[in-house]
Amino acid sequence: MATSSSDRWPIPLKQHIPTLIFITVTVLTSNLVSRTQPTAYLDEIFHIPQAQQFCSALSSTSLFSAQQVWRQLTSVRYDAQLTTPPGMYAISVGMAKVLPGWECKDVVWLRSTNLVLLLTLPVLVARILGQIEEQARIASAAEDYSPSKTITQNLGKEITRHEIEMLQAKAKLQLPPTPSASHDDLAHIEPPTISIAQAALPAPTGSAAPLLRALKQREASAYTMALACTICFLPPLWFFGFLYYTDLASTWLVLAMLSLYNDLNTSNAHVAPTITGLLIALTSILAVAVRQTNIVWIGFAAAQATLSRVGKHVSHTQQGSDPVTQAIGMVKGAFGDNKKGWWTAVAINAAPMVPVLAVCVLFLRWNGSIVLGEKAAHQVALHLPQMGYFVAFALGFGLFPLLFSLQSMSHKAQDQGPSSSTLATFTHSVRSAVSALIDSTIASPGCILALAAALAGFYIAVDRFTIEHAYMLADNRHYTFYIWRKYRSSYAIPALDGMTIEPKLAVVPLFALALIAWSRALTHHAVNKRTGALFSLLFWMATAAVLVPTPLIEPRYFLMAYLLLRIYSHPYAPCEKQEKSAQLKWIYLALEAATYAAVNVITVGLFVNRPFQWPSHAVDVSRNEHTTMRFLW
């Protein structure tokens, strides 16, 4: 097999180059933002003073003394304007206790809480990407496995380097046959036959695999790290890593909990399931303490882990491509021959949620609402257009990942010859993506019906359920203020006298097509194909549960849903397909990174170089708010 130039001339630790670039750019930008805006800005005027109170109260208190900690916490007056619990402040206090020299009373140090979380986020994302890729590889091998298919029966088939390495690793775990006294001619002893699928499956419990080999297998590739860093470079997410907002802490904890759920459902995990379950419970409680709506994402993580695990008990004859058929297969699995394994999987994934659910019930009973503080400005509403705004946000920032995902589903994706130029390969892949989208919308009566339902649903949503929040209409520091002014206006069509067009209705087809495209990508690239449609439905239900009750439109609210959409819609193809599309996946990733870089340069440039003034009567002088304002998400 031909060896790539990178294999002939390897770069030492090349998988860490994307991380080093990400860290360098992030730290330099953080320093620039702090020098430009050294005082608390916008929501920081609420968060920073509150965090400073907790830091002062616990500065000389040992965290191991629960009684002293509780006494000091109850002495702190909580700001009535804050609508989120004090989880982020607990993280800052914890860092001040653990890290030497850390001062959590200063603005720069408090902002560094999010900076630390942002710098470590690519490692966490890469871990999740690796877990999903491993699950997809095992699921693909299990789907293709047949006892009659062995390596000796497929000598004419090209075997990739990765498959050879898997076979070698598996063969080292097999004991060689021991010759008897009457059969001491080793030439007549046939070696054990191992199929590719068997090599892909986890090693049996108790196998003594060397530690170094296990660590090497867990090491992320250069592409995985580049992908993780690019995902964390998402402009709204990356920007709020430089301010003291709750978004980074919320995102980090939800992803950590998701990674732990993946560990809980891995047969070859290195940590006992009981310990993993306890870690999930603690992480979930802290995630809800940072932002209340994270309870939805905790439920999503538990449900998707359960779905992936119990999907293995669904037989091939019960699987289908629509959620109804898959749901019927799941119900049959719950009461079929494998019902014990089915309910065991449900119990394993539901148990870690019990503590956080108990905490949430106590909180609701004490507070009377999911919102803390100023409840009047955050009333629950039926804001159905939020789903349209989200898919538009996802399409804007995820256009190239979506195209890459769609083109991999098309049968035309691999038609180009190996000698094609880079531009020709990319152009062909875009055509394949468009072809896949067309197939998803008009290829069958069911697809046409789904498109019609999406169009009708979004039209009713934007026509009858559009909400204009007072904060969005009055605060000219946010980009949504300027976008909404264009969105809510009517524009006359010069060629048609007297006719106007409303942008909110004109974008309805875009909303519908984006929803169908992302749903198709989620379903097709689900780890377990037998439950892919159910997984897609589960994701959209969780997203709606978070966004629809929210009357305010903010890109920050879309971050968690988009990160999960980006991670789970990525093509985790078998290794041979990855080798054929290696060039293409780097092209799409480079385009995504370039888009993010351009947006980040513009937004940071506006924040630093384009300040503007508010009148003194419009600022909160009691909170030391300054009249100099800056643009941000």
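Each Cβ is built from the backbone N, Cα and C atoms, and glycine gets one as well.
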Annotated transmembrane segment segment (source Swiss-Prot; candidates 9-29, 51-71, 471-491):
9-29
Contact between the transmembrane segment (9-29) and the transmembrane segment (225-245) is defined here as three or more C-beta pairs under 8 Å separated by at least 6 residues; is that satisfied?
yes
Please report the DSSP secondary structure of Asn367 (N-linked glycosylation site), reduced to three states.
helix
Check the glycosylation sites Asn265, Asn367 for other C-beta atoms within 10 angstroms of each C-beta and report the one with the most.
Asn265
Do the transmembrane segment (587-607) and the transmembrane segment (344-364) come together with 3 or more C-beta pairs under 8 Å, pairs six or more apart in sequence?
no
Can you tell me which recorded stretch out of 112-132, 270-290, 344-364, 498-518 has the most Cβ pairs within less than 8 Å of the transmembrane segment (384-404)?
498-518
What does the structure give for the C-alpha distance between Asn367 (N-linked glycosylation site) and Asn265 (N-linked glycosylation site)? Integer Å is fine.
35
